[in-house]
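As recorded in TrEMBL, the features of this protein are as follows:
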ACT_SITE  B:H435  active site, proton acceptor
BINDING   B:K54, B:G117, B:T141, B:G142, B:S143, B:D304  FAD binding site
BINDING   B:G177, B:G178, B:G179, B:V180, B:I181, B:G182, B:V183, B:E184, B:E200, B:G264  NAD(+) binding site
DISULFID  B:C45-B:C50  disulfide bond
DOMAIN    B:8-319  domain 'FAD/NAD(P)-binding'
DOMAIN    B:339-445  domain 'Pyridine nucleotide-disulphide oxidoreductase dimerisation'
Amino acid sequence: MSDNGGTFDLLILGAGSGGYAAAIRASELGMKVGLIEKDKLGGTCLHVGCIPTKALLHSAEVADAARDSETFGVKAGFEGIDMAGVNAYKDKVVSRMFRGLTGLIKAHGITVIEGEGKLTGPDEVTVDGTAYKGTNILLATGSKPKTLGLDIDGEKIITSEHALKLDRVPKSVVVLGGGVIGVEFASVWRSYGAEVTIVEALPHLVPVEEESSSKLLERAFRKRGIKYELGTPFESVKTTDSGVSVTLQGGKSLEAEMMLVAIGRAPVSEGLGYEEQGIQLERGFVKVDENLHTGVGNIYAVGDLIPTLQLAHVGFAEGIYVAEQLAGLNPPAIDYAGVPRITYSEPEVASVGLTSKAAKERGYEIVEQDYNLGGNGKSQILQTQGSVKVIAQKDGPVLGVHMVGSRVGELTAEAQLIYNWEALPSEVAQLIHPHPTQSEALGEAHLALAGKPLHVHE
Amino acid sequence: MSDNGGTFDLLILGAGSGGYAAAIRASELGMKVGLIEKDKLGGTCLHVGCIPTKALLHSAEVADAARDSETFGVKAGFEGIDMAGVNAYKDKVVSRMFRGLTGLIKAHGITVIEGEGKLTGPDEVTVDGTAYKGTNILLATGSKPKTLGLDIDGEKIITSEHALKLDRVPKSVVVLGGGVIGVEFASVWRSYGAEVTIVEALPHLVPVEEESSSKLLERAFRKRGIKYELGTPFESVKTTDSGVSVTLQGGKSLEAEMMLVAIGRAPVSEGLGYEEQGIQLERGFVKVDENLHTGVGNIYAVGDLIPTLQLAHVGFAEGIYVAEQLAGLNPPAIDYAGVPRITYSEPEVASVGLTSKAAKERGYEIVEQDYNLGGNGKSQILQTQGSVKVIAQKDGPVLGVHMVGSRVGELTAEAQLIYNWEALPSEVAQLIHPHPTQSEALGEAHLALAGKPLHVHE
Amino acid sequence: APAPSPRPSREDITPPVDVETLSGTGRASGTDAVTEAYVTPLVRKLAAQEGVDLSQVQGTGVGGRIRKQDVQEAARRRREAPAAPA
Ligand SMILES: Cc1cc2nc3c(=O)[nH]c(=O)nc-3n(C[C@H](O)[C@H](O)[C@H](O)COP(=O)(O)OP(=O)(O)OC[C@H]3O[C@@H](n4cnc5c(N)ncnc54)[C@H](O)[C@@H]3O)c2cc1C
Ligand SMILES: Cc1cc2nc3c(=O)[nH]c(=O)nc-3n(C[C@H](O)[C@H](O)[C@H](O)COP(=O)(O)OP(=O)(O)OC[C@H]3O[C@@H](n4cnc5c(N)ncnc54)[C@H](O)[C@@H]3O)c2cc1C
């Protein structure tokens, strides 16, 4: 018999973005919350995801600024990267955020249960022999890198987790996968001085984005000297004395010091008792209904574990949704198309809403305005290229916003309101954006769609 | 008798932000437009205002990045500023934007009349002896630096126009005036390595901003080694062999290589025939009614010439308003409180809507949430400090947003929608912001105001 | 678990005031009548939900702008108005 760990209103397995957001919101709503975590509060995003990668990307931005300083009249020689310094900076940011989160969880009176949990009943999770009961249970065990059965040695063939701990800048890297994670690391390493080749089986980098965005990113990467092999699937890799030799379908081979495997992330759902309790999995993902309910007892699931967008803020939103749902607040369903997506490479790629392809598939008659950042003063000052494309329903609201350029990620905040509040181009056009900002490009696109272009070249 | 230059539906005097925006919109609406300019299309903002100053500020950002590169693990020595390089970069950006604007004006079929114009009748402007008739006339002659009768020699006692043309970084500068322009130049010069002291008669820097924003800027400037004398009016300045000696009321004196006079901008309304045609001036500003009509004939006025916010995007909005008004479109009045204001110093100060003081004066019962950027991951990555303060009516919409921190200016785009669309905190809180971005700080403040804080430390 | 209230879909919302013509070319074609009364998307949605005809609402915001309160007030008055005689 296992020990009795007590009963919680909400018992959460996994303290990543999804799990801890649910814990915080549930505790605010008066629930007694147990939060089980085998590693560190904060999960992937805080420790080996969003935060450390964005720290590397900022170091990369600083390196680029130093390298290009002459363009701006600044005398500063770029002399190289000090990986120990980069890692110290990155770790400092992570531990600061980690301390903050730990304090927050404590301040909310959430019971943190350390250890590896397993679902042992429809209302029970067992951790190290102690059984905890939950009136409601939330599964939030997240995801881990997919490896395609490759022999990840952590030295020459690595995943993002190893990439975040490198003590040197590789001379050359093959990045397997042209999605968000692959593209971000390619961007970092290139700024650090490495030779980088991305291998992507689909015909474009960041293939889920608007095609014009992918093309703009490809053009920018080409200028930066980042190579890519598109539409050519990977076949095999073998380690050599000096690194790796990668073979693509068709026979082409690439040599490099290491290969990063960034072909997606798989849910962590095996061996945790999920299926034993009757929970259905699909390709490893926990299946849920629109209320994020698994169909078993009072068991819910959120985050990377379920087949929705694998983003930290989706985890937050889903965690909050479940907590509010349990409290009877009847929260509105999450509109996943309205979630902002950002690839933090140089240049950034960002979007909200539908691509033109998806909009057409849904039967909309659409109008588009693609505003080139060449006409945007602030973007010229930053010397960045790209565009802001706005897609609207003919005589109707904005359906999608797609952007490429340095720092455009922050512009998704406005785009998120426009899309989710179903604004008409004319309603946005009425508000003249502050000058000179990059947000003006968004303003100009809406002005043009509203039939009153200001700084728009035909 | 003067020559006859023809008749226009709309004849515009001055081709700055206000004038050229009106010209573009009016031509779109089918009017025949004449645009009179004695200098260059684009006016103050493009040639000696917004654009060149923001180029300097970006050079300054690059210099700071190089100087602090070690913090981020980047080896790059900062060796100084090459003012010739800075100016080449700045001029390149300006001339690119200028070419673009010139092309735009041409593409719209607007007649550009080069020369100095004078209002010679209620429907007439004379330029170099040629009289042009306008069914409607728009005055948009803008503004120039106020000098308090000081002897501006362009060497030791200078205005922003001279500051933009310096061929060297001064060793030390006294900046007279702690408003937007003074603070921006102080920030640039400090980044370039100068000793800077700001003299401001009011008790705070950027005194029209929320007091907490002023205080955060002051703290940041103190850390950066920018000195300031607040609440101490300037008394006199005399030039010395080595520069200037500035005396403050109370007797304190400051020595520096030069003094920048940045105490505000006065309208350009003298000697242009305005008063002769019956147009009323007040402290030099052209008085207009809520339709921006001067009360004389069909004469309107926009931009820095009238006593509204002296901002380029206000000029754009007013120019568009007049054009639409003339076309009978009955455009909605401009809500000036809803215009974004950005000071592009390091750190930036940005706001939209009412200050807490103004909100209380208007009789609102308010609630506030001040979100410290210490809790914001992306701001930690940028290593910037500051906050995002949101003010809402109790149980009502957001009334004001006030921000301090690197790069927060771009966040006003979202804040502008929130304020102008009278969103409730709960309506914003429903949309989880992308992670990790600075916009999350805005999201967190709204979550907290909506009673559902996520990453908020009490 | 209680079923969440359905989120109104885009299809459910027919913009009641926007008769603007989008050309997609960046050029105005026809009247930009939306400028007759600036309505924010949040007000427009509320009016659609409450079944309020915005052309009948007197705005109290800046420049006569229609605010949420005005729509709520119009909805309240409509509810309280005596039923029209049959
Ligand atoms: C390199 C990289 C960069 C990324 N960048 C971004 C970005 O910039 N923006 C963004 O939005 N998203 C980003 N993501 C995605 C983001 O990290 C995830 O979407 C997010 O972390 C998912 O949260 P989660 O709570 O579902 O899972 P996780 O964060 O993976 O958390 C799951 C937690 O459960 C714990 N756990 C698992 N099994 C057990 C068990 N049996 N017992 C106890 N505890 C257990 C784990 O230790 C972990 O802490 C990135 C991901 C990666 C890998
Ligand atoms: C240093 C500085 C930085 C600034 N930064 C910003 C910023 O970042 N963001 C922002 O929004 N605003 C900024 N501003 C303010 C902005 O530049 C002004 O608000 C804007 O230029 C006003 O536009 P305007 O059309 O009213 O006047 P102006 O731009 O001044 O244009 C007036 C035009 O009229 C012409 N003119 C005058 N008299 C005659 C005549 N008799 N005949 C023919 N032509 C004539 C002038 O040559 C000029 O081209 C800044 C200003 C300065 C000085």
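Yeah, the Cβs are placed from backbone N, Cα and C, and that goes for glycine too.
Overlay of TrEMBL feature records on the structure.
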{"residue": "B:C45", "record": "disulfide bond", "contacts (Cβ under 8 Å, 6+ apart)": "B:G16, B:S17, B:I51, B:A312, B:G315"}
{"residue": "B:C50", "record": "disulfide bond", "contacts (Cβ under 8 Å, 6+ apart)": "B:A312"}
{"residue": "B:K54", "record": "FAD binding site", "contacts (Cβ under 8 Å, 6+ apart)": "B:Y344"}
{"residue": "B:G117", "record": "FAD binding site", "contacts (Cβ under 8 Å, 6+ apart)": "B:L13, B:I36, B:K38, B:V125, B:T126, B:V127, B:Y132, B:L272"}
{"residue": "B:G142", "record": "FAD binding site", "contacts (Cβ under 8 Å, 6+ apart)": "B:G14, B:G16, B:G18, B:G43, B:T44, B:P267, B:V268, B:G303, B:D304, B:L305"}
{"residue": "B:S143", "record": "FAD binding site", "contacts (Cβ under 8 Å, 6+ apart)": "B:T44, B:R265, B:A266, B:P267, B:V268, B:G303, B:D304, B:L305, B:Q310"}
{"residue": "B:G177", "record": "NAD(+) binding site", "contacts (Cβ under 8 Å, 6+ apart)": "B:I198, B:V199, B:E200, B:L260, B:V261, B:A262, B:I263, B:G264"}
{"residue": "B:V183", "record": "NAD(+) binding site", "contacts (Cβ under 8 Å, 6+ apart)": "B:V175, B:I198, B:L205, B:V206, B:L217, B:T343, B:S345, B:V349"}
{"residue": "B:H435", "record": "active site, proton acceptor", "contacts (Cβ under 8 Å, 6+ apart)": "B:G377"}
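Across the domain 'FAD/NAD(P)-binding' (B:8-319), mean pLDDT in this model comes to 97. Checking the binding-site residues B:G179, B:E200, B:D304 against ligand 2 with a 6 Å cutoff on the Cβ atom leaves B:D304, in sequence order.
Binding of FAD is attributed in the record to B:K54, B:G117, B:T141, B:G142, B:S143, B:D304, and the widest Cα separation among these residues amounts to 30 Å. A distance below 8 A between C-beta atoms marks none of the binding-site residues from B:G117, B:T141, B:S143, B:G179, B:V183, B:E200 as lying next to chain A. Looking at B:G179 (NAD(+) binding site) and B:T141 (FAD binding site), their Cα atoms lie 22 Å from each other. Cβ atoms within 8 Å of the centroid of the Cβ atoms of B:G177, B:G178, B:G179, B:V180, B:I181, B:G182, B:V183, B:E184, B:E200, B:G264 (the NAD(+) site) belong to the same-chain residues B:V175, B:I198, B:L205, B:V206, B:A262, B:I263, site residues excluded. Between the binding-site residues B:E200, B:D304, the minimum number of other C-beta atoms within 10 Å of a residue's C-beta occurs at B:E200. Taking the binding-site residues B:T141, B:G179, B:I181 in turn, the residue surrounded by the fewest other Cβ atoms inside 10 Å of its Cβ turns out to be B:G179. Checking the recorded positions B:C45, B:G177, B:G179, B:I181, B:H435 against ligand 1 with a 6 Å cutoff on the Cβ atom leaves B:H435, in sequence order. Look at the domain 'Pyridine nucleotide-disulphide oxidoreductase dimerisation' (B:339-445): DSSP puts its residues at 40 helix, 31 strand, 36 coil. B:T141 (FAD binding site) is 20 Å away from B:I181 (NAD(+) binding site) when you measure Cα to Cα.
In this entry, NAD(+) is bound by B:G177, B:G178, B:G179, B:V180, B:I181, B:G182, B:V183, B:E184, B:E200, B:G264, whose most widely separated C-alpha atoms sit 14 angstrom apart. For the recorded site, B:C50 (disulfide bond), the DSSP three-state label reads helix.
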